[in-house]
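J.: Okay, these came from Swiss-Prot:
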- 22-193: domain 'Laminin G-like' (DOMAIN)
- C283-C300: disulfide bond (DISULFID)
- C303-C314: disulfide bond (DISULFID)
- N310: N-linked glycosylation site (CARBOHYD)
- C344-C368: disulfide bond (DISULFID)
- 370-410: domain 'EGF-like 2' (DOMAIN)
- C374-C388: disulfide bond (DISULFID)
- C382-C397: disulfide bond (DISULFID)
- C400-C412: disulfide bond (DISULFID)
- N407: N-linked glycosylation site (CARBOHYD)
- 414-456: domain 'EGF-like 3' (DOMAIN)
- C444-C455: disulfide bond (DISULFID)
- C471-C478: disulfide bond (DISULFID)
- C483-C503: disulfide bond (DISULFID)
- C519-C539: disulfide bond (DISULFID)
- 528-550: repeat 'TSP type-3 3' (REPEAT)
- 551-586: repeat 'TSP type-3 4' (REPEAT)
- 555-568: compositional bias 'Acidic residues' (COMPBIAS)
- C578-C598: disulfide bond (DISULFID)
- 612-628: compositional bias 'Acidic residues' (COMPBIAS)
- C639-C659: disulfide bond (DISULFID)
- N644: N-linked glycosylation site (CARBOHYD)
- 650-667: compositional bias 'Acidic residues' (COMPBIAS)
- N937: N-linked glycosylation site (CARBOHYD)
Amino acid sequence: MEKPELWGVLALLLLCSYTCGSQDLQVIDLLTVGESRQMVAVAEKIRTALLTAGDIYLLSTFRLPPKQGGVLFGLYSRQDNTRWLEASVVGKINKVLVRYQREDGKVHAVNLQQAGLADGRTHTALLRLRGPSRPSPGLQLYVDCKLGDQHAGLPALAPIPPAEVSGLEIRTGQKAYLRMQGFVESMKIILGGSMARVGALSECPFQGDDSIHNAVTSALQSILGEQTKALVTQLTLFNQILVELRDDIRDQVKEMSLIRNTIMECQVCGFHEQRSHCSPSPCFRGVDCMEVYEYPGYRCGPCPPGLQGNGTHCDDINECAHADPCFPGSSCINTMPGFHCEACPPGYKGTRVSGVGIDYARASKQVCNDIDECNDGNNGGCDPNSICTNTVGSFKCGPCRLGFLGNQSQGCVPARTCHSPAHSPCHIHAHCLFERNGAVSCQCNVGWAGNGNVCGPDTDIDGYPDQALPCMDNNKHCKQDNCLLTPNSGQEDADNDGVGDQCDDDADGDGIKNVEDNCRLFPNKDQQNSDTDSFGDACDNCPNVPNNDQKDTDGNGEGDACDNDVDGDGIPNGLDNCPKVPNPLQTDRDEDGVGDACDSCPEMSNPTQTDADSDLVGDVCDTNEDSDGDGHQDTKDNCPQLPNSSQLDSDNDGLGDECDGDDDNDGVPDYIPPGPDNCRLVPNPNQKDSDGNGVGDVCEDDFDNDAVVDPLDVCPESAEVTLTDFRAYQTVILDPEGDAQIDPNWVVLNQGMEIVQTMNSDPGLAVGYTAFNGVDFEGTFHVNTVTDDDYAGFLFSYQDSGRFYVVMWKQTEQTYWQATPFRAVAQPGLQLKAVTSISGPGEHLRNALWHTGHTPDQVRLLWTDPRNVGWRDKTSYRWRLLHRPQVGYIRVKLYEGPQLVADSGVIIDTSMRGGRLGVFCFSQENIIWSNLQYRCNDTVPEDFEPFRRQLLQGRV
């Protein structure tokens, strides 16, 4: 065969090697799978491949924001949400999590480390499932063409029954039933094929399988033909002859050598018995000697362990010089034979090592571990209130801890403390608080305002003193209140005249009184109003379209009534399946015309979005089955058997922190050995704690790692809640039928920390969207009118429109003017009620709320102020609520100025095990809820202890 022909054959074989490995390859673009029939067909292909294919690949290109994550691909059962196969990115801890159904029915999870996918950049990830039908499949993760991690010998995948195929669902790019943040460029699943072929699809030069080489070899043999085979056969026979000839020559040489030695012995010594060459032994002591035919007639075995040489002469091996087996700083002593290491150097602990031979010395090196002197129970000998820092082989004593003054020689003494008035930095009208890191802070008492070190009277209890205070830190709460008698915690002043808008009769300074001004906060002397609403053109976000609510969802300055793209997602309202919620991808899994981003039942068709009980779950998928009573139905609860209304899931593994033994998934259990984890919400497997205060370095000042330091964080153990904010709220109307009164009108000020209700309205609620477990909730209540005498208050543990707690206050005794369906009489005084209405909003709940007392199947009166004193016009009151739903603890206190005027005492009720917060009004106008503050708190107060004992004895 000529060379050109041979090169052509080789080229053809190379082409075959590339294509032969991909004969059964199927590529499916998952982003195009939409219709149910198409999804069933794709699911059947995947099911078949799991049973028959050699390998299955998931190839995706996407971009995730830093520390974000979500499900890349999942194959689930619609009926019971069984997770057959799922691959997700856990951005916070830099891994890919693969979960699948095992043959025993349990879910198996595989962590693939070193992913580095959630960093705001575009990555290509290839997940290879090797041998899914084998008893022990494997997983490989390639990130940007490089192998990141792999696992072999995994438990077998459970086969998907054929009957399940029609009920299978494929999900891509999701996080908690919503689209995950970022951008998914492509998502393909490849059934069968080789790594070489898949690498070509992703432009990655992966090596092919051995099967390709075998195919090339087979093809080459078939092309070269019978003549070459015959030639190869002859060459093989020739080679065998050469081997036999070489063996014959070797035997001849041995025989000739024996004859020569015999002749020489006969000539020199005559004919006598042959002398042994091994007696006496010419070999080194302890080395075996063997008689041989070759000169000099003997052969010595190998030198003993620890020695080297030819068997005749053996010298000691210096293991210390050649293997360096001892820890740096520990002396190595060479012996004859062998070596030994002396004790570990000071500051280290370990074992002495000794042995014989280079191999042993290299495999058994001495290990000495650093001694952490700072954890010896004596702070390393440093002052107990100072910082001890461990170093490699030693330690050093540092400065005094936070809250202490001094040095190592004089000792560290408390600088500020809450335990002793002599060391307390707080004002006489302030109370001392311990922060999480041991620092001390001060907070002015109710009726006083300032920075805590300096406090002054605060008549309207809005957090600002009546007179300016000489504070060293220039704290804003030391500035004089611009409305002394009317709460305005935001200190808004549109015309900058030093008088706050809340008490300025001409807030914008345009010469027109507020009651007559159609733009209270914008100067407009001409009072021009082009449309028919009550807002002048100068302050109307739709000057030519009537819109009294002035709603502006996307905050672009253009009201929703005249904005062609209300949510600002780039999709016109008429084409947007979520007109008021940004969703540029327009994902709609249930194909009901309502996008998943705003769908109250994203997996079940409900185009009308009916939600009769206002619990944010559509009626068609609302089961109202809530085993733990935390306001989340079991099918959507990440801890269905433990109350956790906040649904906090720090590691995004689908298991709520309340029932997750390792909240941050760093391998250190939260509470049990080898824990407890000193940073329970932030991954830190090394548990480094430089100052030894029990809090890891990575979460020292920010326990939940939400970029808000703990003293300023209202929920230091939840990265989802940082500040009090009611700007996003849900309006719940409790008497939606009839037109006797109008609905409430809520105005939110001070960045969500102040709410004003302006209308004489039907009963209604403004409910925030943040749900709480244990919570402390406080605020200032003020009725800014003298023309009405009805109900106002606040609510907590809101779960739906028929289940919540409400604290409500009536000014005077009054019988409700509608006696249907029953007569309702309101008594003056503060009341605490548990609403457990079986009917929900309507006339029954309306009259039950008005009535002071129990109403079967509607409202239970838990407590009422025995003074029967109503609120006074234009007077500020401060409430403080403590609620610990895990034990049913409730306590409400009410202050008028600095004086405590009402205290419910400890009340035990477990009707609602957590929920959302909000405010309440019923037929009362001009209510101000100012200086609102909430704080997550699961610590049970000390005054619960007597009730705990009674609960254990079954007496409560």
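Using N, Cα and C of the backbone, Cβ positions are placed for all residues, glycine too.
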J.: Please identify, among the recorded positions C519, C659, N937, the one with the smallest Cα-Cα distance to C412 (disulfide bond).
T.: N937
J.: Which sequence-distant residues neighbour the compositional bias 'Acidic residues' (612-628)? Criterion: at least 6 residues beyond either end, Cβ under 8 Å.
T.: 599-601, 603-606, 634-637, 639-644, 730, 732, 799-802, 840-841, 913
J.: So which one is it: of the glycosylation sites N310, N644, which has the fewest other Cβ atoms within 10 Å?
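T.: If we count Cβ atoms within 10 Å for the glycosylation sites N310, N644, the smallest count is at N310.
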J.: Using all protein chains shown, find which of the disulfide-bonded residues C444, C478, C503 scores highest when you count other CB atoms within 10 A of its CB.
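T.: Per the Cβ count, the most surrounded site is C444.
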J.: May I ask for the distance between C368 (disulfide bond) and C444 (disulfide bond), taken between their Cα atoms and rounded to an integer number of Å?
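T.: Taking the Cα atoms only, C368 (disulfide bond) lies 55 Å from C444 (disulfide bond).
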J.: Average the pLDDT scores across the domain 'EGF-like 2' (370-410) and report the rounded value.
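T.: Averaging the confidence scores along the domain 'EGF-like 2' (370-410) gives 87.
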J.: Taking the Cβ of C300 (disulfide bond) as the reference point, list residues of the same chain whose Cβ is under 8 angstroms away and which are at least six residues distant in sequence.
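T.: Listed in sequence order: P282, C283, F284, V287, D288, C289, M290, N310, G311, T312.
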J.: Just to be sure I understand: of C314, C455, C503, C659, which disulfide-bonded residues have a C-alpha no more than 10 angstroms from the C-alpha of C478 (disulfide bond)?
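T.: Of everything listed, what lies within 10 Å of C478 (disulfide bond) (Cα to Cα) is C455.
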J.: To see if you understand the setup: which same-chain residues, six or more apart in sequence, place their Cβ under 8 Å from that of C539 (disulfide bond)?
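T.: Counting only residues 6 or more apart in sequence, the Cβ neighbours of C539 (disulfide bond) under 8 Å are N518, C519, R520, L521, F522, N524.
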J.: Measuring Cα to Cα, how many angstrom lie between C400 (disulfide bond) and N407 (N-linked glycosylation site)?
T.: 6
J.: For the repeat 'TSP type-3 4' (551-586), what are the DSSP-based totals of helix, strand and coil residues?
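T.: Secondary-structure composition of the repeat 'TSP type-3 4' (551-586): 6 helix, 0 strand, 30 coil.
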J.: I'd like to know which of the recorded positions C382, C388, C397, C444, C639, N644 sit within 10 A of C598 (disulfide bond) at the Cα level.
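T.: Within 10 Å of C598 (disulfide bond): none of them.
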J.: For the domain 'EGF-like 2' (370-410), jot down how many residues DSSP puts in helix, in strand and in coil.
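T.: The domain 'EGF-like 2' (370-410) comes out at 6 helix, 18 strand, 17 coil.
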J.: Summarise the domain 'EGF-like 3' (414-456) by DSSP state, stating how many residues are helix, strand and coil.
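T.: When I sort the residues of the domain 'EGF-like 3' (414-456) into the three classes, I find 0 helix, 16 strand, 27 coil.
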J.: Expressed to the nearest Å, what is the distance separating C659 (disulfide bond) and N644 (N-linked glycosylation site) at their Cα atoms?
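T.: Cα-Cα distance, C659 (disulfide bond) to N644 (N-linked glycosylation site): 9 Å.
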J.: C397 (disulfide bond): which of the disulfide-bonded residues C303, C388, C503 is the nearest Cα neighbour?
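T.: Closest by Cα: C388.
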